[in-house]
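I have placed the structure first, in the form of structure tokens, so that the comments after it can refer back to it.
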2 protein chains.
Amino acid sequence: MDTKIFSSSESQSQRHNVPYIHKIGIPPKQDLLKEFKTTVKETLFSDDPLRPFKDQPKSRKLLLGLQAIFPIFDWGRSYNLKKFRGDLISGLTIASLCIPQDIGYSRLAFLPPQYGLYSSFVPPLIYAFMGSSRDIAIGPVAVVSLLLGTLLQNEFDPVHNADEYRRLAFTATFFAGITQATLGVLRLGFLIDFLSHAAVVGFMGGAAITIALQQLKGFLGIKHFTKKTDIVSVMKSVFGSIDHGVSFLSSHNYTLYEAYMIYFFLQMLQWNWQTIVIGASFLFFLLSAKYLAKKNKKLFWVSAIAPLISVILSTLFVYISHADKEGVAIVKHIEKGINPSSVNEIYFSGENLLKGFRIGIVAGMIALTEAVAIGRTFASMKDYQVDGNKEMIALGTMNVVGSMTSCYVATGSFSRSAVNYMAGCQTAVSNIVMSLVVFLTLKFLTPLFQYTPNAILSSIIISAVIGLIDYDAAILIWKIDKFDFVACMGAFFGVVFASVEIGLLIAVSISFAKILLQVTRPRTAILGRIPMTSVYRNIQQYPEATKVHGVLIVRVDSAIYFSNSNYTKERILRWLTEEEDHLRTTYQPRIQFLIIEMSPVTDIDTSGIHAFEELYRSLVKRDVQLVLANPGRLVIDKLYASGFPDLIGENKIFLTVADAVLTCSPKIVHEV
Amino acid sequence: MDTKIFSSSESQSQRHNVPYIHKIGIPPKQDLLKEFKTTVKETLFSDDPLRPFKDQPKSRKLLLGLQAIFPIFDWGRSYNLKKFRGDLISGLTIASLCIPQDIGYSRLAFLPPQYGLYSSFVPPLIYAFMGSSRDIAIGPVAVVSLLLGTLLQNEFDPVHNADEYRRLAFTATFFAGITQATLGVLRLGFLIDFLSHAAVVGFMGGAAITIALQQLKGFLGIKHFTKKTDIVSVMKSVFGSIDHGVSFLSSHNYTLYEAYMIYFFLQMLQWNWQTIVIGASFLFFLLSAKYLAKKNKKLFWVSAIAPLISVILSTLFVYISHADKEGVAIVKHIEKGINPSSVNEIYFSGENLLKGFRIGIVAGMIALTEAVAIGRTFASMKDYQVDGNKEMIALGTMNVVGSMTSCYVATGSFSRSAVNYMAGCQTAVSNIVMSLVVFLTLKFLTPLFQYTPNAILSSIIISAVIGLIDYDAAILIWKIDKFDFVACMGAFFGVVFASVEIGLLIAVSISFAKILLQVTRPRTAILGRIPMTSVYRNIQQYPEATKVHGVLIVRVDSAIYFSNSNYTKERILRWLTEEEDHLRTTYQPRIQFLIIEMSPVTDIDTSGIHAFEELYRSLVKRDVQLVLANPGRLVIDKLYASGFPDLIGENKIFLTVADAVLTCSPKIVHEV
């Protein structure tokens with residue numbers, strides 16, 4: 001087998017016309033075990049987790065192992081008072097933000113308010129010991145609460161089957177944790193990368209709108225509200241069956257316009273005015289605080305403590321004015337005391353186990369996506385590494401323990417993590433501080449919240465989720481990649497018009513479709529020589545590039561696999577046919593060499609080699625010679641293994657397109 | 001926005017030290033509609049089917065349209081007597097081969113023997129008018145018959161519910177045809193490319209072994225035979241519960257060896273010796289004929305007519321010797337007359353519709369894969385084009401019509417198509433000839449087959465399917481691509497040890513896993529300069545390539561998408577860390593420039609651009625400058641749309657790695 005590839009340093013060959021032959025060292029035999037090990041390593045251990053353990057004494061290895069599982073033993077050794085000051089301030093700030101949010105979010109999950117607070121006590125503590133992100137703020141979050149509520153509600157009614165509902169919630173939380181930890185242990189963390197950035201942007205935006213719409217119940221004081229989350233059902237709940245009423249009124253000699261107006265006002269009478277006034281004024285306050293914080297980054301604390309201030313003021317107001325007697329709905333009762341055990345509440349058998357398992361997987365994956373996205377964002381801002389797989393084990397453990405201590409699924413919160421970062425947090429100690437404040441609240445302060453109006457919680461939720469609607473990201477996605485934008489909008493409209501699950505399904509499907517499209521229809525390009533260089537580039541990208549007479553140079557922009565091998569072969573033949581038609585009509589010499597630039601062809605499989613063999617046979621029939629330029633290491637290994645170089649003839653594989661052209665050009669037969 | 005990319009023709013810059021600035025024409029604005037149209041065209045209309053219609057008068061368009069649907073009107077116009085001679089001989093040859101095969105294959109599908117013959121009468125006729133392959137031989141095939149039998153049997157018992165079973169078979173055939181035609185009409189033919197060549201080789205081999213094992217029933221004359229197709233169940237049927245008997249005997253003072261032997265012989269007594277002798281001698285005859293044909297290609301007709309000769313001889317033998325009275329099972333009865341209508345037998349409503357639909361999709365896809373593979377193979381051997389989508393419409397129509405005329409799923413047969421090709425067929429007329437012979441057989445000759453022993457049919461099937469086991473292909477796959485080999489073996493063992501469906505599922509799953517792995521973990525490489533050239537290549541492939549001081553050149557070998565953007569970023573940073581560690585320990589100057597060779601990066605999405613931004617920020621912290629070389633057209637569009645070139649600074653994008661190195665090298669600050 002000839003293992004030489006011919007390369008001519010261009011300047012040399014131009015001057016002396018003697019091609020410089022460059023040898024290529026094909027690895028004599030594919031070392032199968034090594035190849036396999038490399039693949040496994042890059043797939044599962046791409047971060048090389050055992051690197052620090054190399055060449056260390058045993059005791060040191062033990063310490064490193066402990067530090068790997070509990071990073072607190074690593075960064076804790078260099079912890080000091082200065083760092084603590086930052087953590088204390090940020091911890092107190094996020095605590096003030098999380099308490100009202102927790103109470104509100106637990107309502108999204110159709111759970112009593114104390115469960116939100118429980119979930120801000122135990123999970124952050126566990127995370128502080130095991131997590132590797134320094135900025136993330138752990139606790140219940142809006143999107144996961146909504147998702148969990150929607151999914152659980154399909155199985156049990158949260159009002160009439162409150163016990164089963166709660167037990168299923170813990171079961172789902174348990175399996176969410178197991179899912180997360182398992183992905184981490186099996187090092188399958190990369191699976192969450194399959195939810196693309198664009199899909200997440202759309203999904204979050206849609207979820208934010210859905211959550212905000214759900215708040216109309218508390219905000220307008222409506223008693224009978226739909227359980228569905230899509231915009232059509234919600235609007236029907238808000239405005240009642242207006243069409244029906246209008247057609248009744250317009251049949252009684254009112255004009256259509258009058259009928260609409262009358263019915264609209266009648267409908268609005270069902271709303272509770274006091275509730276709306278309280279809700280609207282505090283929403284205005286919260287949004288103003290947010291706006292202020294956005295204008296002046298130093299005033300971020302205004303928006304951070306605004307929710308707590310709103311709660312205190314509105315609670316006082318209701319307590320003094322007895323507005324609850326006027327129909328303003330209030331929280332009424334929050335259980336006092338810290339998390340009770342819920343080990344016995346988890347369904348470990350029967351049909352409910354399966355239900356909880358299914359819901360847990362979905363909720364766990366979404367929670368993971370959110371937490372990892374937050375962790376990565378802040379890690380890249382401060383330039384430290386977050387180990388995805390380790391992070392998953394931490395999040396998983398925290399949710400498993402949480403499910404046994406009356407918590408529901410907790411994860412990293414976008415809004416609170418941002419506040420945590422801006423308040424100057426240094427380490428996960430800020431989570432411990434927050435956790436302790438929540439602990440004190442549960443122990444002593446819950447009775448104070450009983451007069452808190454639900455409308456305030458709705459306002460707080462609305463002002464929090466508004467930040468999840470990321471217009472700028474959506475506009476940027478539109479600018480950069482239209483297909484991504486379709487995924488983004490698919491997820492968005494799926495969530496808004498159908499349901500959270502359907503939006504998620506659409507997002508994942510479109511993301512997969514994109515991958516499949518990429519591997520099914522790779523791009524190909526015709527190359528030309530850029531004037532005064534030996535560089536060959538796509539003539540569509542560089543219109544000044546010129547074709548070489550009698551030679552067609554095609555670049556294939558993808559690995560050639562079974563999924564695209566036939567297409568690639570047929571596309572190349574179609575380029576040739578089109579070029580030949582063009583040359584014929586313009587009376588130019590025909591194509592005698594087809595050079596395939598293989599640089600972007602990173603891999604080839606048996607189907608791909610079959611396609612190349614078929615291509616070669618077709619070219620022989622057309623009296624065109626096949627030449628390859630710059631096949632990569634894997635490709636050349638496989639070409640030689642299949643005997644393809646012997647088939648197409650000696651010296652038909654070159655190091656660069658320029659070399660191939662230099663060797664082919666002189667051989668072109670000039671015909672008339 | 002600066003839209004210039006700097007390129008220096010190397011020789012120029014070396015001589016004058018003035019870089020030649022090469023402008024790049026970025027399309028000023030992405031034409032969205034055009035981009036979308038191109039994508040749709042390449043995905044669904046990659047073969048440009050409307051090209052011949054362009055600029056033609058209306059009447060010509062009509063004719064072309066007719067010819068597009070019925071290619072017979074195209075090639076029929078140049079049909080002549082010479083071609084007919086070839087078609088007549090090959091048609092008669094495949095007819096002699098197909099009649100015994102049809103009777104045998106219908107037994108695999110648990111249908112009475114005449115249904116196999118029916119399926120060789122109507123479908124080939126329809127195909128001859130609509131199909132574009134010249135060499136394919138249409139009719140029932142072993143693998144699809146087995147698959148259909150296995151799937152149908154899960155729903156109805158073919159003996160006790162013979163009517164429902166048959167009706168479901170027609171329903172499945174109907175929907176198999178609908179599936180095939182729909183894929184063709186919607187131009188989704190590329191979907192079958194997702195079953196990789198390797199998976200098909202494994203699946204076919206496994207199916208061949210399974211089919212051969214099933215023949216042991218007829219071959220050994222066993223009455224009670226398992227309905228499962230896996231090797232363990234079949235072996236138990238053949239040898240009975242030997243272990244049970246052995247333990248009984250060995251507890252009666254026989255040694256274990258004696259016990260095994262005794263029980264084995266007792267078990268063999270259940271076999272029918274006469275059947276085995278007839279079957280074995282004719283199997284020997286058939287295999288010898290096959291061997292002869294393989295040694296001398298001109299004697300292919302010996303193996304082609306051997307089955308019919310076997311049938312005639314053995315039928316005569318049984319008729320004369322009355323061997324059927326000795327327990328030799330015979331065909332007994334074949335319905336005389338041509339296909340009755342079965343329109344009213346198809347389930348068009350109810351639960352059975354759904355069952356038939358599901359089975360039809362699977363059977364239709366497998367039948368399609370086989371037919372398209374055959375069509376492509378012979379088309380490439382004779383160098384003509386087979387239009388995949390048109391072919392699917394033809395196959396679909398033929399099965400829909402077939403389902404209404406008592407046929408079950410027909411497709412292209414590997415063995416008969418090969419014989420057809422070697423017998424010198426010219427056009428699809430050979431299928432018409434075969435169809436007419438089958439018609440005459442149905443009309444007049446079926447009573448002659450009633451004394452045909454089942455053992456002969458089993459021998460014929462075994463000798464036919466042995467050709468489906470393609471050792472050479474499997475060995476070649478092992479040599480070329482280990483991952484493909486895993487898919488191949490997965491399909492093979494799945495079929496042999498579990499069932500046809502499970503084998504299929506394994507094959508498809510492994511094929512998909514391969515695609516996902518490719519897009520999740522792209523390869524990266526460190527580049528070095530090949531001595532005496534300006535070419536930069538992977539230093540692992542070209543060990544003589546040398547690194548440039550202070551510069552690290554990394555090539556990313558894949559489009560950068562959400563599924564791999566994080567990995568890619570982290571892998572590049574890991575290359576940098578490793579290189580820096582190495583340089584530090586050897587007291588060499590540190591890396592100051594990171595050049596990313598983007599040639600193989602065919603596309604990038606929003607997640608990919610985010611990853612690049614994060615990479616840039618990490619590099620800034622490490623005081624390393626980021627430089628890009630040769631981004632493709634799509635990539636450069638998206639980079640500019642996102643403002644990335646402004647972020648990393650002017651003039652950091654080059655046409656080639658050589659240009660980038662030339663510009664960076666002089667700027668390297670020499671530190672101590």
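From the backbone N, Cα and C atoms, a Cβ is placed for every residue, glycine too.
Features reported for this protein in TrEMBL:
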| type | residues | note |
| --- | --- | --- |
| TRANSMEM | A:136-156 | transmembrane segment |
| TRANSMEM | A:168-188 | transmembrane segment |
| TRANSMEM | A:194-213 | transmembrane segment |
| TRANSMEM | A:271-292 | transmembrane segment |
| TRANSMEM | A:299-320 | transmembrane segment |
| TRANSMEM | A:357-379 | transmembrane segment |
| TRANSMEM | A:391-415 | transmembrane segment |
| TRANSMEM | A:421-442 | transmembrane segment |
| TRANSMEM | A:454-478 | transmembrane segment |
| TRANSMEM | A:490-513 | transmembrane segment |
| DOMAIN | A:541-664 | domain 'STAS' |
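Proximity of the transmembrane segment (A:136-156) to the transmembrane segment (A:421-442) is established through 3 or more Cβ-Cβ distances under 8 Å for residue pairs spaced 6 or more apart. Outside the transmembrane segment (A:454-478) by six or more residues, the chain places 100-101, 103-105, 107-108, 142-143, 197-198, 201-202, 204-205, 207-209, 211-212, 215-219, 221, 275-276, 278-280, 282-283, 286-287, 290, 307, 310-311, 314-315, 328-331, 414-415, 484-485, 488 with a CB less than 8 A from a CB of the stretch. Of the candidate ranges A:299-320, A:357-379, A:391-415, A:421-442, A:391-415 has the most C-beta pairs within less than 8 angstroms of the transmembrane segment (A:168-188).
Assigned with DSSP, the residues of the domain 'STAS' (A:541-664) fall into helix, strand and coil as follows: 60 helix, 21 strand, 43 coil. Beyond the ends of the transmembrane segment (A:194-213), by six or more residues, the same chain brings 108, 142-143, 146-147, 229-231, 234, 365, 369, 373, 461-462, 465-470, 473-474, 477, 481, 484-485, 487-496, 500, 503-504, 507-508, 510-512, 514 to within a C-beta distance below 8 angstroms of the stretch. Beyond the transmembrane segment (A:357-379), the same-chain residues lying 6 or more positions past its ends with a Cβ under 8 Å from any Cβ of the stretch are 132-136, 141, 143-144, 147-148, 151-152, 155, 168, 171-180, 183, 189, 192, 195, 200, 385-386, 388, 391-392, 395-396, 399, 409-414, 417, 421, 501, 504.
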